[in-house]
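Colleague: Okay, handing you the structure first.
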Amino acid sequence: PLFIPLAQSDMKDYKHLDIRNTVGNVPMEWYQDYPHIGYNLDGKKIFKPIRNKDELDEFLDKMENPDYWRTVHDKTTASDIRLTDEQVDLVHRLQKGQFGDVNFNEYEPSVDFFTNEVMIHPVTNRPQDKRSFIPSLIEKEKVSKLVHAIKMGWIKPRKPKETTPQYYDLWAKEDPNAILGRHKMHVPAPKMRLPGHEESYNPPPEYLLTEEERLVWEQQDAEDRKLPFLPQKHSCLRAVPAFSRFIHERFERCLDLYLCPRQRKMRVNVNPEDLIPKLPKPKDLQPFPTTMSLVYRGHTSLVRSISASPTGQWLVSGSDDFTVRFWEVNTGRCMKTLEVGGAVKSVAWNPNPAVCLVAVCFERTVLLLNPSLGDRLVVSSTDQLITAYEPPEEDKEQAVTWALSEGLEHNMGHRLTLTHPKAVKQVVWHGKGDYLSSVMPDNSSNLQVLIHQVSKRRTQNPFRKNKGLVQCVSFHPLRPYFFVATQRYVRVYNLIKQELTKKLMTNCKWISSMAIHPGGDNLICGSYDCRLAWFDLDLSTKPYKMLRHHKKALRGVAYHRNYPLFASGADDGSVIVCHGMVYNDLLQNPLIVPVKVLKGHQITHDLGVLDVTFHPTQPWVFSSGADTTIRLFT
Amino acid sequence: MSQLQTRFFTDNKKYSVDDVPFSIPAASEVQELSNVINKLLEAKNGSHSQIEFDFLVRGQFLRTSLSNHMEAEGISTEDVVEIEYVERFTAPQPEECMMHDDWISSVEADSEWILTGSYDKTARIWSLEGKAVMTVAGHTDVVKDVAWVRRDGLTSLLLTASLDQTILLWEWNSERNKLKARHCCRGHAGSVDTIATDPTRTKVTGEEEEVEEPPSRPRKKQKTEQLGLTRTPLMTLSGHNEAVSSVLWLDSEEICSASWDHTIRLWDAETGSVKTTLTGSKVFNHISYSPLCRRLASGSTDRHVRLWDPRSKDGSLVLLSLTSHSGWVTAVKWAPSHEHQLVSGSLDNLVKLWDTRSCKTPLYDVSAHEDKVLCVDWTDSRVRHQDNNTHLACINQQHTSSLY
């Protein structure tokens, strides 16, 4: 606004010069690099004046020129212009906010051309048109069209206005406990502890260490000390020496800052009791054996193996004192003692109630005994069964020799003697009672397991290859399967198809014992590394559950025939009874609850319980131990 | 010290005192009460000698102080307390020790003789003084149970049951000390573990009843007399799933049997059908029936002696549980002459004498045995003039049978 009147005044004063620039209102910087500054009315270049005024000249000009204050630099022409008095006045007026024109009177009286009052007479007296009284046909047509469109639903009535506000509080609905973003996770660096009285140069006497405390402090490890320094008393602040551990302490502080947690770990708040699976109380799972009731004494060396008769009236035990003893279960009376020629490794009562036979193995012999206990008819029919054997016409070479006992041995109860080529460790019966299997552990041969048929006096070796040191074998209670436990695996063979069906990985270092559930779909394995593995054969080849209840190596495991119970005996002298319920529903996994630890056996030569077996009908468990006793828990 | 209004009464006329209320210190115990009664009796009868009494408050023996007992039983101390007193049953003392060579499986005593069965395949007859009179040998296996059948003067009939699946009926003449095997009863498919004789022993045909421990279907058999040497069962009672451990006659029409299948069954002797089944939770080892109080006592493997009412129609109701043993209760026997007393033997080497009016603790523990107790029985002498006239024959594995 300042420029235009100047230009106008220029026109008046410098009409003759006429050096008006025609470039217009453009930034003059555009012509910085040119020698001219614009174009005049004739189209000729306006050259920049030769600038010879430096700062010093400027200063001198400012000091000496009395009109300096009214000199204005004109950028368009790059010339200095001295303002006239009128122009200075105009500037002053404008600066004061007054009108530029001196003669303009802003307070002239106003003339009211159109009154605001309503007159009685109209301004024009023209009568109203006729059409202003007649409804418009065009409008009517338009309205009816709209009405029709609305009726047909072509036009929607106006949508209600959205009530949601355009702006809303982003964090209004936010859970105050929720973690949103890093800033909430931020944990400020831990602050240094404020110095206490003991850090004073002149601490109160109670903070000073006595001589004893000082000795203790010096003997302690740096980490165990309550204070990282010794409080010391100085007479005045001047006497305090330089802090020798300053660098060290700073370094530790830096380490603290570096290592301190900077993020809040969101720990899930879980009640530890919720994590424990809901198991029924042992009280609700009765009956199971709880107390020791009877002790069967008589053996003079450790009792390796026990087996109960199918009626539950008798018990047979084999011991390292070269004897096999028969016990009456309900009184603990030893009914019979048989000397055999070696430490008895395993005994097994024939599970068939119509046959009265006990298999005993010692050294290289498997002996079939008729204990003559129980029903006379069964005893005599068993003897008949054995004597009724007729040798086949062609004699095949067999791995073992079958010999019928006669004379004195027959009177002692010996019936058949099977002499094996190697030492026999275990003997088991098939559920039907005609077949039995014997184990001769040997790492270097395929002759480790033999299956014998008593009625035909036949022996066969089911395996052609050696798959490792066989620990124990077992027959499937219902189907023609055969379980072979080597050191780390249990292999399940189909005896009819003669093929390997399954290989169970036990994750144990050395299997000691194995038992098959009477239903046949579950299996437990005890191992020398204190573990008991439960396999669900339908589920997986890996253990369904690993129980580590025993402190020492497991020696024997057993299932109960009717009750949902299983027991394990170990070198720590205890028998652990567990409730192991198997459901008919395939979707429901077995329920395993440890219910009772039965103690009673003394540990002798680091051996505790060597074998466990259940009573066939009652919820009672027998255990035999290295302390030469057999115990009954009911 | 508070006082209680008490009134003493007794059934025994010999020791009755006046029926007047006395004021007794509430803290007084049995000994003090006994002194009170003795003082009263002395005042009444100068020649009275000191006698120990036991006291019953509402049918329960007093074992603590009177106030404690009444608090425990919830009896009001405001009223006059009726206290019954009886002569104290003195502790049984071992009288005789009868040595056997082997374990004793069973004992049956009557008023003159004691019959024992042993694991050395014989049964023995002893006099009450503990003198071996006769050895009954004939079985080829362990004798499991013995029973007297009847006695006609000097001739007695006795039964022995054995593991060799037979029962032998013997006739024994006590004067000439002659023994004759009369019959051999066969029919069991397992060892015969228990026998019981009909209470009406006067019948011409000696009826005996026996039970087996066979594998599959235990049956009970009843035999009749035949002319031949071998007899066969009159009736077989089948129904138990497992071994039968004990049988007895309730009366001449009813038979009761206990089994390892956790049940006690009552049978009709005429038809051989099951009348009632009492179901327990543990194996029953032995049962005994008292015609005096009409209750059945059972000893089971869970260390309790339980009392049952065999007549109750509402199933298996345990009237009372006597708990003190720490091993299997192998034998129970009601006293033949006392309706509240029974004796129990256990594998924890103890014989306990119980009074059903004091069910918390036994009256006496008899701990003379050094090994398992397998069977117990009472003998009752003809005249009760001394307390220890009631003999208790009790057998254990220490090869002894002792008289108390």
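Every residue, even glycine, has its Cβ placed from backbone N, Cα and C.
The domain 'NLE' annotation in TrEMBL covers B:5-70. Feature annotation from TrEMBL assigns region 'Disordered' to B:195-227. Annotated repeat 'WD' per TrEMBL: B:97-136, B:136-180, B:237-277, B:287-309, B:322-358, in sequence order.
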Colleague: What counts of helix, strand and coil residues does DSSP assign across the repeat 'WD' (B:97-136)?
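Modeller: For the repeat 'WD' (B:97-136), the helix, strand and coil counts are 0 helix, 26 strand, 14 coil.
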Colleague: For the repeat 'WD' (B:287-309), report the average pLDDT of the model, please.
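Modeller: Computed over the repeat 'WD' (B:287-309), the mean pLDDT is 83 on the 0 to 100 scale.
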Colleague: For the repeat 'WD' (B:287-309), give me same-chain residues lying six or more residues beyond its boundaries with a C-beta closer than 8 angstroms to one of its C-beta atoms, as numbers and ranges.
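Modeller: For the repeat 'WD' (B:287-309), the list is 246, 248, 250-251, 256, 258, 264, 278, 280-281, 316-323, 325-335, 338-340, 342, 344-346, 354, 356.
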Colleague: DSSP-wise, what's the residue breakdown of the repeat 'WD' (B:287-309) into helix, strand and coil?
Modeller: 0 helix, 15 strand, 8 coil
